[in-house]
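What TrEMBL says about this protein:
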DOMAIN    74-425  domain 'Myosin motor'
BINDING   Gly176, Glu177, Ser178, Gly179, Ala180, Gly181, Lys182, Thr183  ATP binding site
Amino acid sequence: MHWHPVLVSSDPTLLLRRASMAGSGDEDESDMTVKVKRYRPGAHHAAFNGRQTWIPLNVERLRQKISNIERLGELPDDLVMSLQITEPFILYNLLSRFEVDKMYTAIGDILVAINPFRDIPGLHSSEKMDEYRDLSERQRLKATPHVFNIADMALHKLTRSWLEGKGRTQAVVISGESGAGKTEQWMKIRFSASSERSLTMVGCHTDHYLLEKARVTSHAPGERNFHVFYQVLRGCPPEQREALHITSKETTDFDVLLAADGSKTSYEGIDDAEDFSNMTRAFSNLGFSPDESEELLRVVVGLLFLGNMRFAEGGDGEHAVPVDDCTLDNNNAADLLGLDPDFLARSLSTKVRTVRSETITSPLTAPASDAARDALSKKTYSLTFDWLMRRINTSMHVPDGAIESFIGILDIFGFEIFEDNRFEQ
């Protein structure tokens, strides 16, 4: 098996500060705790020991920290061709390319991708894909680094191995932290390596191991919840919006779409309405029935209303009761999830235990009811995701005996430590 590694990062500001401090003698432990939250032209949103701030980019200061930079010449696409291989230079190269919208850099067979958190026009277009299709070995070595080049390389080596009777499969390993864009790269590789003259793509199968369910109920400042929530709210046609009780609703009307500090998040260059159209078209292409597509949307929006439910302490100080202005949210959530409104409210504010043959119902406090609401949201989203994966695999089923070779793409889940750590971390 031949491996094609792809490294994905979402920390351009961290690259800047690490490179600018390297060898300067002014490294400070507090400075090294930078965590990038979101990119915007000319600045980066970072957290310094928990304090949020925008810091300006200063590439010239970075250049001054690298010795003999005037002798480096043009920054190469492939860092293996660099005149020097040092951490400051590698970081400077990555940052300098990132600043001119070159998010991809090669290090030999490894592709490094820096997530721009915005759409770069033409970067992943059909025309760009054609530039990397069926390249010769010499052309592939000279090609500008791109995820499409990785896809074409894997497919080319798979085909050559098959023609030589070796039957070697290919593997693409995508590694990076949570939210860096690994799954986006996985999608680009999967659907650009779709055909070759000597082979026919007969299907695919997807396994998933760990879903970041915690994002359903909360996310860090500068980040978004799962994209589908925004896509439904901004892309549903009027007739669907009425059926989903979101006729006049915006993203700011739902608590789970606000960051932990109460701020809203929007990204320039992301067209949620267009993405919703692409998603519904994909459902149709995969053979989803109208009822299946509609039920999926009902669950998604139902979780938005469920996240708006709030509980307060009752008169006895121990019994949680839904706050009055959440009644409509409770009713909408119950309708979309196929539940009775009273049953939903009661289930989230009480605990039922069976001791021997006796059933005991006891009240929950308001914090415990909030935790029960979040647990229900995460479990429902997880089960829905499981069903979606099974349904897609059914549509893309590979007939027995049809597989001669395959390309395996491993999207390794990221690992990091958040302020609020759950099971996934």
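From the backbone N, Cα and C atoms, a Cβ is placed for every residue, glycine too.
Keep in mind that TrEMBL annotations are predicted by a computer and have not been checked by a curator.
Keep in mind that what you see is a predicted model, and the values were worked out from it rather than measured.
Summarising model confidence by region, the domain 'Myosin motor' (74-425) averages a pLDDT of 85. For Thr183 (ATP binding site), the same-chain residues 6+ apart in sequence whose C-beta sits under 8 angstroms from its C-beta are Asp411. Counting every protein chain shown, 17 other Cβ atoms lie within 10 Å of the Cβ of Glu177 (ATP binding site). Each of the binding-site residues Gly176, Gly181 was scored by the number of other CB atoms within 10 A of its CB, and the lowest score belongs to Gly181. For Lys182 (ATP binding site), other Cβ atoms within 10 Å of its Cβ number 24.
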